[in-house]
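These notes concern the structure reproduced below.
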Amino acid sequence: MTVCAKKHVHLTRDAAEQLLADIDRRLDQLLPVEGERDVVGAAMREGALAPGKRIRPMLLLLTARDLGCAVSHDGLLDLACAVEMVHAASLILDDMPCMDDAKLRRGRPTIHSHYGEHVAILAAVALLSKAFGVIADADGLTPLAKNRAVSELSNAIGMQGLVQGQFKDLSEGDKPRSAEAILMTNHFKTSTLFCASMQMASIVANASSEARDCLHRFSLDLGQAFQLLDDLTDGMTDTGKDSNQDAGKSTLVNLLGPRAVEERLRQHLQLASEHLSAACQHGHATQHFIQAWFDKKLAAVS
């Protein structure tokens, strides 16, 4: 059931911290209770609960509110947690030796480094499975809303989403590529899960087709901005993950240079802001959150 929510014009720091705490609390409740011999469960919890930005679930919650949605809190929160589980699973797999071969993630050893490759793979599969189960069991959502949410998330994971993006990155990333080819890889790797998050928010809010279209465009530009920021910070040592992972890869930073990439990033953010404003008529909390986050990150790059 959806009802009209009060207008959330801005997002205070306390409100953002409370939302983040709510996400972590619900994730903790939804994930398996850690047992002494349940190594896969422990790896699932480590992958999903390690301190992180929780950008995707935060955006889902904030966008739903800015669309005028007030739902059963746990129901909307469960959708947000499902998205975070998918994101965590993708990071576990991306970090594997056969892929990016990363040793550090969120300031901690990667899951395969800590638990072994076999446990890491199983934990990622279990997180993906759990995500869909969480949507199916979410309170306060109609069966149709759940079905549509499952469809959005499954599309974001598969060959039109994360899988395709990772494959393109692995198979083409070390070869010369055009800017257009790099942008397409970035779209699959990053934009698609943002798009699923936004569309899930619009489903719960029963948003208009026009608003959904604006949110789709917002997601495309936001995903590109995030990936460009990731490329710009690749050489930094305080990101919580391995530095110089893009050495020898065809990225826009290597192709165009940092200054041109930062300008492109700001252009994507401006377009994203315009699309978001057109979609959300009940508040600007999402806008405030995105702007504050990127301002902080770009200040460290400049």
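Quick reminder: no glycine exception, Cβ is built from N, Cα and C everywhere.
Residues or ranges marked as isopentenyl diphosphate binding site by Swiss-Prot: LYS53, ARG56, HIS87, ARG106. Positions annotated as Mg(2+) 2 binding site by Swiss-Prot, on the basis of similarity to another entry: ASP94, ASP100. Look at Swiss-Prot and you will find ASP94, ASP100 tagged as Mg(2+) 1 binding site, backed by similarity to another entry. Taken from Swiss-Prot, the feature (2E,6E)-farnesyl diphosphate binding site applies to ARG105, LYS189, THR190, GLN227, supported by similarity to another entry.
Of all the Cβ atoms in the protein chains shown, 13 others lie within 10 Å of the Cβ of LYS53 (isopentenyl diphosphate binding site). When other Cβ atoms within 10 Å of the Cβ of GLN227 ((2E,6E)-farnesyl diphosphate binding site) are tallied across all protein chains shown, the result is 23. Close to LYS189 ((2E,6E)-farnesyl diphosphate binding site), meaning Cα to Cα within 10 A, are none of the binding-site residues out of LYS53, HIS87, ASP100, ARG106. Note: the isopentenyl diphosphate site is recorded as LYS53, ARG56, HIS87, ARG106; in the same chain, GLY52, ARG54, ILE55, GLU84, ALA88, LEU91 also have Cβ atoms within 8 Å of that site's Cβ centroid. Shown are the binding-site residues ARG106, LYS189; the one with the most C-beta atoms within 10 angstroms of its own C-beta is LYS189. Mapped onto three states, the DSSP output places LYS53 (isopentenyl diphosphate binding site) in coil.
If you compare Cα positions, ARG56 (isopentenyl diphosphate binding site) sits closest to THR190 out of the binding-site residues ASP94, ARG105, THR190. Counting Cβ atoms from all protein chains shown, THR190 ((2E,6E)-farnesyl diphosphate binding site) has 23 others lying within 10 Å of its own Cβ. Between the CA atoms of THR190 ((2E,6E)-farnesyl diphosphate binding site) and ARG106 (isopentenyl diphosphate binding site) there is a gap of 17 Å.
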